[in-house]
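Annotated features, as they stand in Swiss-Prot:
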BINDING   His206, Asp229, Asp233, Asp331  Mn(2+) 1 binding site
BINDING   Asp229, His231, Asp331, Asp333  Mn(2+) 2 binding site
SIGNAL    1-22  signal peptide
Amino acid sequence: MFTYQKIIQLALLLSGVCGALASIDTDSHLSPKVLEKLRPTENLAYEDDSLDDDTWRSKRWEFDYQYSGISTFAHLPHVRCLVEQSEDFDIAIIGVPFDTAVSHRPGARFGPKGIRSASSRQMAIRGFNPSLNVNPYESWAKILDCGDIPVSSYDNQLAVRQMTEGYIDLLSRKATASPASNNLKTAGLAKDGIFHPRLITLGGDHSIGLASLRALGHFYGNVSVIHFDSHLDTWNPKRYYPSYWHSDRADFTHGTMFWMASKEGLINNGTSIHAGLRTRLSGTDYYDYEEDNRVGFTFIEAQEIDEIGVNGIVERIKQVVGDTLVYLSIDIDVVDPGLAPGTGTPETGGWTTREMKSILRKLDGHLNLVGAEVVEVSPPYDDRAESTSLAASDFIFEILSSMVKHPLYDVKK
């Protein structure tokens, strides 16, 4: 039942609404009277009287807080680059939500979402990297979050084709930044004579690296691989499983992709390196290490950091890769599972996140990076603090910083 008092209150409310509607001009712009009420008071320092009303009303909503906005990596602009074919960029973040080539725990298909969510505290307004003296989000580079490559979870052969074609599509574009008139650097010049953009992949299980290397091979030929991992990932599939259960489709796993890439001639023989190894080998001898050497890798075991330190690790990597084009592959399980539990094949005795960040920073300026990936983040197995996703997002920040600070050609800034 409406009482007399409630009817009076309703009438007053309707009167106020009608008055507000009447104050709006026919061209949908707010009237000066309403604008005056919306504008900040004169004693607020952030008001810019030089801006017209439309600009002012738009500009005051530009800023996102760390916890607001849709989930893109570091609040970067999101473009579905595979759909928007005319979109160019210098560096793109691309997710590959795939985990059906794992040997143990799944969940890495949720890695791209987890890493993006964990990156929410990275913002242009507070993105300066004091160790590398650069803010990658306020620089010459046009950086986008290009979303994910849609991949099948039912057919791994189809999924690899989707990944490869997606990578080639993105890499085929011309980088946004023009070369400087006095450009003397040609390291990043592709076989077609064009400077192409660079991609950083959010995995996904580690098998996605094969598709990335196939795409890079299309533009650059073979490249060197710096591979941070607790496992070799150069397992010979013919030895790994009994021959009577063998199938060609089963050859492709997150532990065989670098072996396959080497056999396809995608990896430089002798200038690629694993770092952080600490797993068991197959059989009763060192066959896995011998096979790894045959496919062109050398390696650093995790415990060597106790003897030669971070600087020693960095020097070994630099000596191996030299000035070749480099693909940087970081399996999050290189980090000790006590610090990064959210992964599919954890191994105890790993490096700390501080050691990994220090290695990445000390490699800055010494690598011709053509691409990178951070893989094997499995949010379902992460802790309540989302430590694994956070570590992955921080590693990507270091990679982005290095890519921006050291472009593969002299850019016009």
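The backbone N, Cα and C atoms fix where each Cβ goes, and this holds for glycine too.
Rounded to the nearest whole angstrom, the C-alpha distance between Asp333 (Mn(2+) 2 binding site) and Asp229 (Mn(2+) 1 binding site) is 6. A straight line from the CA of His206 (Mn(2+) 1 binding site) to the CA of His231 (Mn(2+) 2 binding site) spans 11 Å.
The secondary structure of Asp333 (Mn(2+) 2 binding site), as reduced to three states from DSSP, is helical. Note: the Cα of His231 (Mn(2+) 2 binding site) and the Cα of Asp331 (Mn(2+) 1 binding site) are spaced 9 Å from each other. Spatially close to Asp233 (Mn(2+) 1 binding site) yet at least six residues away along the chain are His206, His227, His254, Gly255, Thr256, Met257, Phe258, Trp259, His274, Asp331, judged by Cβ distances under 8 angstroms. Listed in sequence order, His206, His274, Ala275, Gly276, Leu277, Ser329, Ile330, Asp331, Asp333, Val334 are the same-chain residues at least 6 apart in sequence whose CB falls under 8 Å from the CB of Asp229 (Mn(2+) 1 binding site). Each residue in Gly209, His227, Phe228, Ser230, His231, His254, Gly255, Phe258, Ser329, Asp333, Val375, Glu376 lies on the same chain as His206, Asp229, Asp233, Asp331 and has a C-beta within 8 Å of the C-beta centroid of that Mn(2+) 1 site, without being one of the site residues. In this view, Asp333 (Mn(2+) 2 binding site) is surrounded by 29 other Cβ atoms within 10 Å of its Cβ, with every protein chain counted. When the neighbouring Cβ atoms lying within 10 Å are counted for each of the binding-site residues (His231, Asp331), the highest count belongs to Asp331. The 10 Å shell around the Cβ of His206 (Mn(2+) 1 binding site) contains 31 further Cβ atoms across the protein chains shown.
Look at Asp233 (Mn(2+) 1 binding site): DSSP puts it in coil.
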